[in-house]
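What TrEMBL says about this one:
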type: BINDING; residues: B:Arg94, B:Asn148; note: substrate binding site
type: BINDING; residues: B:Cys170, B:His200; note: Mn(2+) binding site
type: DOMAIN; residues: B:195-410; note: domain 'Glycosyl hydrolase family 4 C-terminal'
type: SITE; residues: B:Glu110; note: site 'Increases basicity of active site Tyr'
4 protein chains.
Amino acid sequence: MSVKLVVIGGGSSYTPEIIEGIIRRYKSLPITEIALVDVEEGKDKVITIAKLAERMIEKSGEPIQVNWTLDRKKALRNADFVSTQIRVGGLDAREKDERIPLRHGFIGQETNGAGGIMKAFRTIPVLLELAEDVQEICPNAWIINFTNPAGIITEALLKHSAHKRVIGVCNIPFNMRHSTAEILNANPNQVKIEFVGMNHFVFGQRVFVDGIDRTNEVLTNLANEKLDYSPANIVSLGWSKGFINSMKLLPNPYHQYYYQTTDILTKDKEALKEHGTRAKVVKNLEKSLFTIYSNKDLNVKPKQLEERGGAFYSDVACSLIDSIYNNKGDIQTVNACNNGAIADLPNDSVIEVNCFITKNGPKPIAIGSLPPQIKGDILQMKAFEELVILASISGDYNLAYQAFIANPLIKDERKIKSLLDELLCAHKEYLPQFNKGGTGDE
Amino acid sequence: MSVKLVVIGGGSSYTPEIIEGIIRRYKSLPITEIALVDVEEGKDKVITIAKLAERMIEKSGEPIQVNWTLDRKKALRNADFVSTQIRVGGLDAREKDERIPLRHGFIGQETNGAGGIMKAFRTIPVLLELAEDVQEICPNAWIINFTNPAGIITEALLKHSAHKRVIGVCNIPFNMRHSTAEILNANPNQVKIEFVGMNHFVFGQRVFVDGIDRTNEVLTNLANEKLDYSPANIVSLGWSKGFINSMKLLPNPYHQYYYQTTDILTKDKEALKEHGTRAKVVKNLEKSLFTIYSNKDLNVKPKQLEERGGAFYSDVACSLIDSIYNNKGDIQTVNACNNGAIADLPNDSVIEVNCFITKNGPKPIAIGSLPPQIKGDILQMKAFEELVILASISGDYNLAYQAFIANPLIKDERKIKSLLDELLCAHKEYLPQFNKGGTGDE
Amino acid sequence: MSVKLVVIGGGSSYTPEIIEGIIRRYKSLPITEIALVDVEEGKDKVITIAKLAERMIEKSGEPIQVNWTLDRKKALRNADFVSTQIRVGGLDAREKDERIPLRHGFIGQETNGAGGIMKAFRTIPVLLELAEDVQEICPNAWIINFTNPAGIITEALLKHSAHKRVIGVCNIPFNMRHSTAEILNANPNQVKIEFVGMNHFVFGQRVFVDGIDRTNEVLTNLANEKLDYSPANIVSLGWSKGFINSMKLLPNPYHQYYYQTTDILTKDKEALKEHGTRAKVVKNLEKSLFTIYSNKDLNVKPKQLEERGGAFYSDVACSLIDSIYNNKGDIQTVNACNNGAIADLPNDSVIEVNCFITKNGPKPIAIGSLPPQIKGDILQMKAFEELVILASISGDYNLAYQAFIANPLIKDERKIKSLLDELLCAHKEYLPQFNKGGTGDE
Amino acid sequence: MSVKLVVIGGGSSYTPEIIEGIIRRYKSLPITEIALVDVEEGKDKVITIAKLAERMIEKSGEPIQVNWTLDRKKALRNADFVSTQIRVGGLDAREKDERIPLRHGFIGQETNGAGGIMKAFRTIPVLLELAEDVQEICPNAWIINFTNPAGIITEALLKHSAHKRVIGVCNIPFNMRHSTAEILNANPNQVKIEFVGMNHFVFGQRVFVDGIDRTNEVLTNLANEKLDYSPANIVSLGWSKGFINSMKLLPNPYHQYYYQTTDILTKDKEALKEHGTRAKVVKNLEKSLFTIYSNKDLNVKPKQLEERGGAFYSDVACSLIDSIYNNKGDIQTVNACNNGAIADLPNDSVIEVNCFITKNGPKPIAIGSLPPQIKGDILQMKAFEELVILASISGDYNLAYQAFIANPLIKDERKIKSLLDELLCAHKEYLPQFNKGGTGDE
Ligand SMILES: [Mn+2]
Ligand SMILES: [Mn+2]
Ligand SMILES: [Mn+2]
Ligand SMILES: [Mn+2]
């Protein structure tokens, strides 16, 4: 038995984590071939990564082959799994997504608000092309989408490509479960959180340890700021007692943008002054990571990688691949087609949900109706996501405008046009679909 | 044939408008008995109004009897129509609804945001009691609810009372149709606007004159600020070209609170400094109105009444009563039970919708799916309204908190508890249902 | 002002009724040009009809031009309304639809059961082509579809053609309203029946005369067999008291096939022995009608036409055209897109429903949830109709089989294959879409 | 750790199977106390069973206590699981359910058609009382409902009692999985069938062995009559090739009543003449079983028990209890609250569905939309079930009539009243709720 994994965006600084995860699981999940694919601009990086990967594998002694290539189609031949972790426009584009909205008075964030929308606009057409290639070249392969905004992108692929084997992943539910396990003195495997919502807008409804409901303890810890499961890229302000006591739900770290908007805006403006954008911070982080990676004596994943926000992503992805390959039938929290699981949302919406995972992919566990206290916000976010997808694909200016105004973080008709126009212009190079039409001025 | 109308809150300064409307329509709609009902605190006002009404009727020569009473149950005997225009807590309560949120950094408005929620909290229990009386004493009577927030209150009554003959009315759709007619050089009767949404959150989708679609002309006028249908109580900032061009919908005046939040907040803070709250302005207006009303020579509705925001309310209400009484089968825009008309909303939601009006009440004309560009906002507002109703009835602190955070104008978990606590305390006298329980602090 | 009507299937024996209706309404509905279109096989008949029409118009003195042609595309130029009343395969095909199922032990009927399905299979592709022509040649024209099964065909056109101005009509709701008016001693215009369901499966929920609910009287008359609104082509057995008393709904005449299946089957088998199929009866009727039509002295619609089942169809159609043309805003019962009106059915289902009729076509009045006592039957019939449409368009054998087994009148897996195979073979000439594929035997 | 199981209807001849299952699983599922509860009429039987159980337990050497009692409330104290396997009216009532409809020309069956409805009418009020007792006395206990019609009864309890820990079980999905495993030469644990539908109306959509789709093989075997998973109480006629080839689904044995109605009716009429009703056969079977059970040397479950239709019920129930108790997280097919799993059905419908089973009960795996070829039939059956529940609880004659006519097996308005009236009269003793009102004759 042998398994082939293709990593789209293989030159990413995250890749060593995946390599480590694959090596560690080799006995149960025999991935024997890894193809690292990147674009011309990423050639140096993917070569550095490939070499590091080879040293890591050599150290492990497992019979895994690793290659790099710029030829995606060739790499896809015989693939069983295709992971995607690309960044169209690179950190420069992210820098604009963070800086420009902030200057207009809005949250500037990679996956939320105006920044997240622009990232979707740049990324969806590229990944749709990938999905078409996969469908043609290796139709049985599963696409494991790491690329943000992961939920929106997964929905775009499932709705608009013929390839239906697409799963989106995020480390937030994983982090929430692990941090919660820690505070409850439990093993993460004993802990189950009933999640409800979408990627980066998911809530925990109930927490069970070995089937015993321990939600109240978790809420108390949250209300007393003794529990914090924010990743490295999000500085948490903590949640007020009133919020936790009245909502009786576990928010996720990204919810701060929606429920603490003013304070976060103030904090982010200050942070910008002091350190520049997060993109700039990450650029430096990346630079030093690649210096470390280039060290020919390095043959393990270096500790420093954990300072990035995406820690544990590979654990999430490798576990998922493992369960699919081995038809495990365990429960994992992934982004998958709703199919009625949340009764208030369309069947073809993508949600972040506990799924039963087998060789046939993820099957959501039915949730029923949305909790009333978040029903409105979730319905609004999903309607917003639908507009983002339509705009991404059509390149229609009015749809882009509608996506902006549908987002709760930029709901200001007196400011949207100039913000949108500046962003479309700044990212022009990566938005061919928007360059055909007008700018709504006619 | 004779018809009896009971006016709950008959001491309102708006009442002369209704009286005028009744007199004018007497030939087709023979209302022969009007009972003006008010509470002890409003006794002087209702007596003044009753006397003015008598003079107006005497001048008209129509055989209409008008009485005032503080005994609601007695007044309801044999009633055919019951209109409600009450203000629990009076203008003092409104003053708090406007002032307190503003001080916490939020929109302070009578029917939107925190102010609107508090008004609902105070009013719903009172009108539920009325509905029970109506069901017992005059079960065939139609309740025509003028009282704001009119949509939420109508939904509360239809969901939680046994009396199902309840219709909510607002002058906004009427104003939009009349102003649009004017700009199109048409008679209002020729103009039909396809509305979609809820009270104070309704949009116009398409405008027809004699069946010809003239939506684009209207949008152009809106984008060029040549069309403004704001009532006296809302100072419009106008809509940006980008907004109108991209949304392709007619917003209603109250939408400024949601799509121009920052600017309105700034404007309202300045207005507060200069003139005090709108409640204070209205108090003075009312005072001078009642001075005018007391003039024994006055036997018509005085011009000055039109300066209040509710102009044309009586036209709306009298037309509705007329169509019900005469089984007219015309189309009017009222607040009624959705029953599938907007496919995305529950059957038992109340929406503001074009209805076919007969003796059996309003029947909505089916709309189908919500327009994508406003789907999220409408679903969110409806989910918010549902929480307001649950909180109003239960007096549950957590539900009140959830209603606050579900409202897009006060979505800030770091500020809500102090705002909510202050408002609950300020209105304590009129919120018996909330005085039983805790304040969520345990 | 001038209006052009194109009659597809102009050689139909029903056409004189339409001509009469047009002449009678000329003052309000100035149809100045009528194009009668037919196919080669119908040439003699359409010429006969055109000549009769000319004599009728001449007698009337109205300035109406009537022409016949076999060139559909030419006729469609500048059309405002296009009515369709075709019979693909003629009465010979109908004869098979009636005879073959009966021989297999099933109801053999033109619009219900196996016969109705086969009629849909033959007709839908032909009318889809027409709809495409209309969309190309006269996109603003309204298609008024008389052709049976009218509901299914209207749904097929609305779902699968780009032309969205399609309305289906049937005389059953008209007949029910008129017969009910008679028994209640009322003018039909005063009577409103709240209908719920689909074409030939519609129920009356409530009956109002001038807005007064008189449903119980009507039910009593039905239970006592004093009210019968069956058309000439359906011999009614009457409804049992128990049925009417417990269901509290007005069934339509076609419901006998579903709720009296065994007795109808027995009756129809006997009728077949005695008189042959209804198709044969109609053939003779048609023959004698055309003999009458050919009489050069005839310049009115002859009485004998009323013996066919479709009496009043033209009243229904002309009223509809009148209301559209004159933007009347009255209520008519037609087959239109659900759009949420019945909350349990998809938005894009076609239902038979009271609609508000304007220049912009029919807008259903919202009904809400289906009455529980018929919910299951209506949902089943609609799911069946969806399969018929899919099979009609795809020519897929399995879908055809599924449509058969989904129909409550032929739900017998041990008999369907031979019935279906015989019918597909018998109608081979008119089912090109089914001739491509296999017969499910592989 | 100790677990208490209460068996309501403990005198059932099936009980030894449960006892055996409990003994076999003792190591993982330590049920230490079994209370067998029955009614006065069943006293002798429950004593016989209790004694046999004691002998079986003694032989096993496990420390399990078994008691019998007629005092249900006392038995419920400290219960962890409550299984229900009652037969209100006993086999005499079943005999009537089988015989009477057949005489009127309809299917006479214990859980389908008129017989199934009457069984629901007799049973639902009794089990609702049980559920109330459970909620009061042992609110954490799970009710495992074996009693037929199991799906309808489970829905009735979940909708109308405060006790929400209710799960319905049936051996049909178990049988289908095991028979399918056999034909595929697989271990049942490797086989997963995706089920869709309701109890006794469930279909298999896809069959997987170790995650590999082997549906086509199974369908081929079904079409060639090489696979038959009918229980002892249903004599299968086999399925036609055409049906299986075109539907591409696995029917369950009870589907014969719906898709082979005429042939089954013929067969059943003949069987009645030859052997009497199935109830009579079972009576004799029971008699001889109890003779065997009384043998003081017997200390195992006797082979003869397998001749009844309910074989493997105890396997199903014990597995379920095991997974709940041990928080196993495996997949089992049970009757549970839909919660969106089938998007076309209400959230509060009960469906037969693959569930993820933990200490917190069953959570359905989302299915999405119904397969089009069975959508209509499933929607109809569910609407029918809803009427049965309403009628059972209200005792309303009209609702009973509506339930009858909503059932596809008795859809004949000319025969229902006499059938219904005879059945209501025959079961009068066990239908107190229907004795209050009229018979719809007024
Ligand atoms: Mn993420
Ligand atoms: Mn208003
Ligand atoms: Mn018809
Ligand atoms: Mn069963």
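Yeah, the Cβs are placed from backbone N, Cα and C, and that goes for glycine too.
Close to B:Arg94 (substrate binding site) in the fold, though at least 6 residues off in sequence, lie B:Arg87, B:Glu110, B:Gly115, B:Lys119, B:Thr277, B:Arg278, B:Ala279, B:Val282, each with a CB less than 8 Å from its CB. Counting in whole angstrom, B:Asn148 (substrate binding site) lies 9 from B:Cys170 (Mn(2+) binding site) by their C-alpha atoms. B:Arg94 (substrate binding site) carries a helical DSSP state (H, G or I). Non-local contacts of B:Cys170 (Mn(2+) binding site) by the CB criterion (under 8 A, 6+ apart in sequence, same chain) comprise B:Ala150, B:Gly151, B:Asn199, B:His200, B:Tyr313, B:Val316, B:Asn335, B:Glu352.
Summarising model confidence by region, the domain 'Glycosyl hydrolase family 4 C-terminal' (B:195-410) averages a pLDDT of 94.
Among the recorded positions B:Glu110, B:Asn148, B:Cys170, B:His200, not one has its Cβ under 6 Å from an atom of ligand 4. Neighbour density for B:His200 (Mn(2+) binding site): within 10 A of its CB lie 24 other CB atoms from the protein chains shown. In the three-state DSSP scheme, B:Glu110 (site 'Increases basicity of active site Tyr') falls into the coil class. Among the recorded positions B:Arg94, B:Glu110, B:Cys170, the residues whose Cβ lies under 6 Å from any atom of ligand 2 are, in sequence order, B:Cys170.
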